Every structure is written in structure tokens, then in C-alpha cells.
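Visitor: Residues or ranges marked as domain 'AB hydrolase-1' in TrEMBL: B:44-357. Positions annotated as active site, nucleophile by TrEMBL: B:SER152. Positions annotated as substrate binding site by TrEMBL: B:ARG221, B:ASP352. Here TrEMBL flags B:ASP318, B:HIS351 as active site.
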Protein chains: 2
Amino acid sequence: MKVSKETFSYEVTEDSQLLDSGIRLSPITIAYETLGELNEARDNAILICHAFSGDSHVAGFYEDDPQESNPGWWNFMVGPGKGINTDKYFIVCCNILGSCMGSTGPSSINPKTGKPYGLDFPMVTIGDMVVSQKQVLDHLGITRLHSVIGGSVGGMQVLEWCVRYPEMVKSAIPIATTMRHSALAIAFNEVARQAIMVDPNWNKGDYYQNPGPDLGLAVARMIGHVTYLSDEAMRRKFGRKRQDNKDFSFNFEANFQVESYLRYQGSKFAARFDANSVLYISKAADYFDLADKINTRESLQDLQGSHSKFLVISYTSDWLYPTYQAKELVQALKRTGQDVSFCEIEADCGHDAFLIKDSRLTNLLEGFLDGIEPS
Amino acid sequence: MKVSKETFSYEVTEDSQLLDSGIRLSPITIAYETLGELNEARDNAILICHAFSGDSHVAGFYEDDPQESNPGWWNFMVGPGKGINTDKYFIVCCNILGSCMGSTGPSSINPKTGKPYGLDFPMVTIGDMVVSQKQVLDHLGITRLHSVIGGSVGGMQVLEWCVRYPEMVKSAIPIATTMRHSALAIAFNEVARQAIMVDPNWNKGDYYQNPGPDLGLAVARMIGHVTYLSDEAMRRKFGRKRQDNKDFSFNFEANFQVESYLRYQGSKFAARFDANSVLYISKAADYFDLADKINTRESLQDLQGSHSKFLVISYTSDWLYPTYQAKELVQALKRTGQDVSFCEIEADCGHDAFLIKDSRLTNLLEGFLDGIEPS
């Protein structure tokens, strides 16, 4: 299945939507990819929202990748005859605002200066991300979504979609996510941010002409990576296995496989992702809060009167957004009269479980999507 | 109760004990404090082993502290009429080898160069720490311990004492500890080490003449601090409370109280502790493994034939050394014929619970210690 990366750019004028911070960011470019065909009734579109460091390349292969070496991040789930079936559905996936994978973010050129924004980039929220995705759907002529689906930070976008544009959302599948970050989740994000900001190469976000804060970014990713796994998964995968089965070296080399693995994950991430984007996206996730009505901001209470079908999914070993938080979400949705199904999947691989092929998740999604009536 | 800090220094000659790495470290100085009186039978001594960043100042106040502003770290537990009763027992607490609180460590002067060791300091193990504590007890004329007590890395020392010198240990109380680090615990330590080592001020450990890696060390401590707390404790203590109850600032200031708290803990720690000591002690904890017999190293199997009384204590919300690991320890001890009591304390404050005043722990320790027959 061949796909191509498209971009949609738009100007934000004085009277059009400002960011939640009250600042006007313009122009905004959103990179997106589509799979399948939009039907004539325009009622078979599904929006897939990616997680923290993901991108718009959700499935398939690019035209210029004849060896098919670069599949999308959810390739096992999305495609012809798969759980999210591109023979039936038209799939849209946008790179989030604030990221660095084609959409406008801190590494983009600030038209006022001709240089990358750096810390002059305004803070964006999950709501701002969703508003920019709405622009893409308007551009594509889509007014109603068969479903919005996403895991982790993608799941936050799913929930935000439901409260910002309830009339557009027929169904929603938030996976391994939360209505709001716990103190623990904020704490891990803050430590990751500090790891980046103490790297002198970070230079207050102004590093695009120089070597960037790769070392700090690698440490930040190592922290993130630990939170995506679970105690059980790490015991199974690494335990106390030593590198090359060698005895202890009695120095600070990586003696254990888990050390070597984390160092590799850290440096691999630093090679592909922008450190400032980590700062902005992590802050957006920390700010996200649909549990309480704060000032004029949206909350799940705004769903009162609207009717979407929800499938909430959590994983037993996810300690970043544990099942108790998914249950709180289910209760909050039910209080507003929504039709909510909930499934906790037994899995020992932690928060990232939804990115690992598993027929239980595939079957759940396929069955739920088939049960949504066309409008 | 006034105490004073003593030091004991000794030379390690060619034929005396080498470190587990095979290297000879000499001279070795161990800072220690004592409380109470050693009785004539010399059978009322209790050794208390401190945790990662602790010191020999376990309880009481120094003579030069008339305001009593600097109590020992376990002051609520140790003293006249307290859980560990200094009216009955003679308490010894040593700063661990590799630390920076008076005992020999990487910040000590290397006699060969006249400069601080830095990374020329040899790797030390939990076993090496225990061997150096034994030297202090020899110096004090103590041949049998009423009990050895410690939490976390202190608990590892307790277990190591039991296998290195089983004939000296009448009873042992390992608290919130493990027989060996899980992959998760190693992972957190490795991320903390990397946070220090990527700080350019670390300078491969050679920073004692210059500003040290305080920023990296602060990040390392923030990571550690998160693992010492629990999801529940952080929700109760911080939740999503904002600094000064202010609305979001939409910048990278500390918006949430938990962020501000962690930053404070990080910089406070950097002001009092040596970064290289964090590297060495964390590695010693990662290497520690009494579960399997690796080469000629000790394991709990070596307890076969000896008889100590054990009280193993874990906390429900400790996710660094969870209860399942304490239960594995209990099983391993029972297999060697030891007399083991086990108590899991219901507490939502995480790994550090043993450092928080709680009458349940106090009563447990008091009762257990009273039940040990004098030899």
C-alpha cells in the first residue's frame, strides 16, 4: 500500500482562532497522510492521532521506498483487510502541531525573523493540535468522522476532539490514555525537560545552527522509555542479563543489556527528533485536563447532550496511565450520558502495548468500528 | 542525646582483604557514630546500615549543634526509649565506602597523586562496604551483633552481612530492599548515571578543582526522587496543584507544585552530595546479587547451616523494590533453614516509607529486637 506525505498550510488571521494561550501563530502547516478512499457520502473517514514522538506515517510505504523498509508506525493495524480496514475506511493521520515531522513546531522558520522559532514558538495545547487537525479535515471536505482513534498523547487528542467538535465525532477510541496527567506523569516529563535544558548545547532553545543538545535529549528519552515499559516486560526482556554474557567489568561501561538498550534508544531518538519539540509536546500533555472545568476551558462535562460511542482501552501493566485512570474516564463519560464500552487488556508490556501487534486489540477495534452505523 | 562523629582508618596490606574487583584500596577511612553503651558482655551492639545518600549520623545531635537543628536521619527510631532503644543497645552506624560523608570515596585524596581519586577510585561492591564495616566493629571490640538493620541499599548491606559473617549476626532486619536489582531498578540507576556523565562539568570525574556537574547531578536526583515516592503519595501530596495557585504560565517555568518540588530536591542534593559517589554507589547496588551463585561470589545459599533470625519488611506502595521481591527473599531465606518473619506494611508513601515516622514500624522493630536472646 503506497502512501504519500501531504501538507496543508493556512494563515490564521486576526479574527480567526487563536491558540489557547491567546497568541496568534501563523502560518500553520500540518503534514498528513491518507489511506483508502473517501466514499461519496463522505462518511467513512477515520482520524488516527499519533502519540508523543510519532508522525503522520501511520501505515503503508512511501513511493520512494521500493524495499518497503519504512512501514508506518501502526502498519499491523491499518491497511486492506486489517483491524482498521482501508478497504472500508478513509484514514487521515496528521503530525501534531509542535512536533518536528513536517508540521509547524519550534524547529520551523519563524516568518518574522527568517530563523527557527526556538523558544519564541508559542506554547501549544492538545486543544490547539486538535483545532489544526480540524483545518485539515475541512480542507479534505470531511464534516463527520466515523471514528477518532489514538493511544497515549494520541488518546488525549481523541478526547479533546470529542469535547471540541462533538457534532463531528460518531465514535471515539481512546487507548492507554488519561483525562489528565497525574503528578507522577508530570514528574517524569519535568525530569525529561530538565535533562534537555541542562545540556549547554540546548542554549535556551537556540541551537539550530550548532550541534544540538543530543546528550540531554538522549537522557530525556531514556527516562521516557523506562515509563513506556513495565517491570514485568523488562524482567522478561532483560532481567539481569549481561552484555555478551561477560562478567562485571568494574567500570562504567554498560555491563547489563538493559543499560546498553537504553543508551541505544536514547541516541537513536536524539538523531531523529527535535529537543524543543519534546519540551513543547510534554508541556501540552501536562496541561491537558478534561476532568475539571478550569476557567472557560473545555471539560468532559461539555459532552452533556451530545452522543458519541466510546471504546476505552487500558492495559494491565501500564503504570504511566494505569487502569484506574481509564476507569475514572469511563465514569466521567457515563455521567454525561455517553455510550461507553471499556476493555482492560491483560498484557505485561507496559504503556506501549498498543504499538505491539496483538490480535485482541485488532479484533476489538474491528468489531467496534463495524458496529458504528453510517450516518 | 549528643553524639560525635568518629573515624577509623586502616591500611590494607598486600595479603589482607582486596576489594571484590581484585584491586587493593589503601588506606581506608570509615566515618562512624555510636549511641548508647556497649555492655560488659559486649553483646548488645546493633549495626544500622544507611541508604544510598545517607551518612553515619543516624540519630541524636552533635555537640556543636546546641539548637538541635541537625537531627540524625532516623532520629524518630533510634534513641532512649525509642524503637531501637539506646538505653538497651549500643548502636553503630558507618558511612559506606564510596560515599562522601567522611568515609573513603572518589572525592577522597588518592595518596599516590595527592589529588582526589575521581574515576581512579576503584569500583566498590556492597560486599566491600560490609568488609570495611567489619573493620570498624573489630576496632570497637565487637564480635557478635544483636542485630543488623537497614533499608534500601542499607538492606542490601544487611543481607551481605548475613552471608559474609553469619557467625557474627544474631538477627537481621532488611527493610524495603531486594536480593538483587531488577532490570527496572538498573534502568533508573543507569539513566541517573547518564544524566551526570553528560554534564560537561563532570569532565570524566575530574572536577574537584572546578565547578562540578551540579546540573546533571540535580537531574539524577530528580529521577531518584520520583522512584522513592509513589503514584498515590504524589497524588495526595501534589496532584495537579499549581504553584501559588496561579493559572498556567504557558512557558517552561514550574507551573505545577510537583515540578517546583523536584527542582528544589535536585538542587538541594547537588549542594550536599558528590556526583562521583552517586555513580559508584549506584553501580554497587546494580551489581549486588545474592540470588544466584555467580562464580565464587556469595549468595544466600551460603547461609545453609547458620541460623539468624530475620524480620523482612516491605511496603505496599514501594515500586522500586516491590513486595514480590521481598517475598522472593523470604522464600530464599527459608530454603536455607533460617527463622524468617515477614511483614508487608500498608503505606501509600512509596519506597521511602521507612524514613517516615510510623508507629507500626517502630513497634515491629522494638518487639523483634526484644525477642532476640542475648548470647
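Glycine too: its Cβ is placed from the backbone N, Cα and C atoms.
Situate these features within the shown structure.
Guide: Within 10 Å of the C-beta of B:SER152 (active site, nucleophile) there are 27 other C-beta atoms, taking all protein chains into account. According to DSSP, B:SER152 (active site, nucleophile) is assigned to coil rather than to any helix or strand.
Classification of B:ASP352 (substrate binding site) by DSSP places it within a helix.
In the shown protein chains, 28 other C-beta atoms lie within 10 A of the C-beta of B:ASP318 (active site).
Under 8 Å, Cβ to Cβ, and six or more positions away along its own chain, B:HIS351 (active site) finds B:SER152, B:ALA176, B:THR227, B:TYR228, B:LEU229, B:SER230, B:TYR315, B:ASP318, B:TRP319, B:LEU320, B:TYR321.
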Visitor: Taking the Cβ of B:ASP352 (substrate binding site) as centre, how many other Cβ atoms lie within 10 Å?
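Guide: Excluding its own Cβ, the number within 10 Å is 21.
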Visitor: Sort out the sequence-distant neighbours of B:ARG221 (substrate binding site) for me: same chain, 6+ apart, CB within less than 8 Å of its CB, listed by position.
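Guide: The answer is B:ALA192, B:GLN265, B:GLY266, B:PHE269, B:ALA270, B:PHE273.
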